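S.K.: I am attaching a structure below and will ask some questions about it afterwards.
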Amino acid sequence: MTALLIADHDNVKLRPATASAVTALLQMTEAVDVLVAGNGCEAVAEEAAKIAGVRTVLLAQNAKLAQELPEVLAYTAAHEAPGYSHIFFCATALGKAAMPRVAAQLDRSAVSDVVAVKGPKTFVRGIYAGALLATVEVDEDVVVGTVRTTAFEPAGEADMPVRIENITVPEEAANWDASQFVRFTETESDRPDLVSAKVVVAGGRGLIDEAGFASLEKLADKIGAAVGATRTAVDMGLCPNDWQVGQTGKMIAPDLYIGFGISGAIQHTAGIKDAKVIVAVNNDPEAPIFETADYGLLADAAETCRALAAKL
């Protein structure tokens, strides 16, 4: 059995999720090939070639692939599918959009958000917003799916880089014009990236207002942390959308997560369950977050956040 992993990258650098996905796929198959699809991304392919456990790197380059359109990526991945027993994406926004399209083109059932591997075709995945874990078996000759990469340790670096093979982009991808890339707006910040940060401080409704979130940002800057938030806080206009953590936001796995004024709805805790240490600050002793937390402080979240920011 051999797996094809579609690399997660930005045409400049390989994102850490790819190395974690390699770890997952090596628990399913004997070998893993990595498809780097983009444009002007030779450096990304060279990074992928250095991941331990990778057999070959396939490099597909076209201007259409630089735009991260899921339709174009899906056509490219499906074109390379013959000969592989597993076709997997990282469970990112792009991966989640492209994977079902590949499954449809191959006429195969799919498995999403794999968090553990029990066998070549047996997996554990979250259901009900992560409140429960289900063990599923895929009854297909080709397994198509996504991996929640925060659930797996990244593969190490190989002693020697493997071969990089240039491949042809299929016509369906090269000539795609049914949708088009409009723009990409990147949030400028000196803070660590939320998904890869080692320390995350997050706020919910309990921080009350913009002043509470200003204290959260001040605390984050003092300890070198990324800032996250609940969907409720985002919907209230207290913080930007790209801070949202949870089932409909970002999945994170920091070494330390500190939540201020977060009740602990399963939609949010689904996004932090892979954190190594979870600390919760809330003035409601019945808040569900305390069931998830390793450490809890029963206190006013806004006051505690301001005090910590002032003391540090």
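Cβ coordinates are placed from backbone N, Cα and C, and glycine is handled just like the others.
In TrEMBL, annotation is done automatically, which means it is predicted and not curated.
Not measured: the values here are computed from a predicted model.
Among the features that TrEMBL reports, FAD binding site is placed at ARG205, 230-231, 244-248, 261-268, ASN282. Residues or ranges marked as domain 'Electron transfer flavoprotein alpha/beta-subunit N-terminal' in TrEMBL: 3-185.
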S.K.: List the same-chain residues at least 6 positions away in sequence whose Cβ sits under 8 Å from the Cβ of GLN247 (FAD binding site), in sequence order, or say none.
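M.R.: Set apart from GLN247 (FAD binding site) by at least 6 residues yet with Cβ under 8 Å, we have ALA129, GLY130, ILE266, GLN267, HIS268, ALA270, GLY271.
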S.K.: What does DSSP say about HIS268 (FAD binding site): helix, strand or coil?
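M.R.: Looking at the DSSP assignment, HIS268 (FAD binding site) belongs to a helix.
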S.K.: Hey, of the binding-site residues listed (ARG205, HIS268), which one tops the CB count within 10 A?
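M.R.: Per the Cβ count, the most surrounded site is HIS268.
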S.K.: Within the domain 'Electron transfer flavoprotein alpha/beta-subunit N-terminal' (3-185) only, compute the mean pLDDT.
M.R.: 94
S.K.: Please work out which residue of ILE262, ALA265 has the most C-beta neighbours within 10 angstroms of its C-beta, and give that one of the binding-site residues.
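M.R.: Comparing the binding-site residues ILE262, ALA265, the most crowded Cβ belongs to ILE262.
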S.K.: What same-chain residues, at least 6 away in sequence, bring their CB to under 8 Å of the CB of GLN244 (FAD binding site)?
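M.R.: Looking at Cβ-Cβ distances below 8 Å from GLN244 (FAD binding site), excluding near sequence neighbours, one finds GLY228, ALA229, THR230, ARG231, VAL234, LYS250.
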S.K.: Using DSSP with the three-state reduction, classify ARG205 (FAD binding site) as helix, strand or coil.
M.R.: helix
